[in-house]
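Trainee: This is the structure, below, for whatever I ask next.
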Amino acid sequence: MRAVPTCLPVTANWLLSSSSSSSSKSQSSPNLFFHNSFRFRALHQLLRRNVSSTLTLTRCSTHLLRKVEFSMAESDSSCDNIPAYAEIVVVRHGETEWNHDGRIQGHLDIDLNDAGRQQAVAVAERLSKEPKISVVYSSDLKRALVTAETIAAKCGGLEVIKDTDLRERHLGDLQGKVYSDAVKACPEAYKAFTSPSKDQEIPGGGESRDQLFVRCTSALQRIGNKHKGERVVVVTHGGVIRSLYKRACPNEKTGLKVLNTSVNVFHLSDGDKWTLQVRGDVSHLDQTGFLESGFGGDKNSG
């Protein structure tokens, strides 16, 4: 709390006089014609300017001074202390038929299935009841974009900004293959995909894990820098979200499932500091019957 000055000009004496003791005087004395609320506001302005003089306060009202301090704290919070971070709610898209069938998507543009659309409605209803969202960002792929548009519509018709840097990892020759068959159908691509080397690209134009990491973390940092003090939604993909986990929690295991429409909350602060506040929350799906349907959420599904 801001320190209250110990000395004020002579005009502050009557401003600080007790509201209880001065209430009767305010009706008769020409020097006290301002009502209490105006006296309070005038004192507030004097304190905020840190006006001082040689006159020591001798008639300070503890009650009124506490009201001033409280009001100043509120004013500081709303005007001077805007949070030095962006709160980014990162949501994985709803389920697709390829998720359900265990087919690898990558950059292939697959739409939501019926379950995925219901999941999108569920997460949208949840977010509409939470603190205000400024804008929605999304991968340009249909499964993410339809999820994002559902959220934006439910949250008051917000703008959806498409960003190709929020796309899933390009998985090269593995795209379109059923995961369980990939080791036989595309052995070299599968070997590259499962390689421990972070810079191993996947044959067929696929990205390495390092390339994905740089692309998507740079995108989120760019969004965070633009929206300090705001709450923003980003709709993206499982592989992207695992990279974001790695950026925020570099020493933790990040290869866990990322379920469809799971909610993850990151705080991006000054100095490029990331904090993971919420991870993989799917409580909005508890009553829908689509909590873990089919292949949705498998770490390789995209």
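Cβ coordinates come from backbone N, Cα and C, glycine included.
Keep in mind the model is a prediction, meaning the values are calculated, not measured.
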Trainee: Which one, ARG143, ARG167, is listed by TrEMBL in the same substrate site as ARG92, HIS93, GLY94, GLU95, THR96, GLU97, TRP98, ASN99?
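Mentor: Site partner of ARG92, HIS93, GLY94, GLU95, THR96, GLU97, TRP98, ASN99 for substrate, according to TrEMBL: ARG143.
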Trainee: If one measures from the C-alpha of THR96 (substrate binding site) to the C-alpha of GLU168 (active site, proton donor/acceptor), what distance in angstrom results, rounded to a whole number?
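Mentor: Here the two Cα atoms lie 14 Å apart.
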Trainee: Measuring Cα to Cα, how many angstrom lie between ARG92 (substrate binding site) and GLU168 (active site, proton donor/acceptor)?
Mentor: 10
Trainee: Would you mind checking how many other C-beta atoms are within 10 angstroms of the C-beta on ARG92 (substrate binding site)?
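Mentor: 30, counting other Cβ atoms within 10 Å of ARG92 (substrate binding site).
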Trainee: Work out the three-state DSSP category of ARG143 (substrate binding site).
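Mentor: ARG143 (substrate binding site) sits in a helix per DSSP.
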Trainee: Provide, as an integer number of angstrom, the distance between the C-alpha atoms of TRP98 (substrate binding site) and GLU168 (active site, proton donor/acceptor).
Mentor: 14
Trainee: Using a 10 Å cut-off, grab the number of neighbouring Cβ atoms around the Cβ of TRP98 (substrate binding site), all chains included.
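Mentor: Around TRP98 (substrate binding site), other Cβ atoms within 10 Å: 22.
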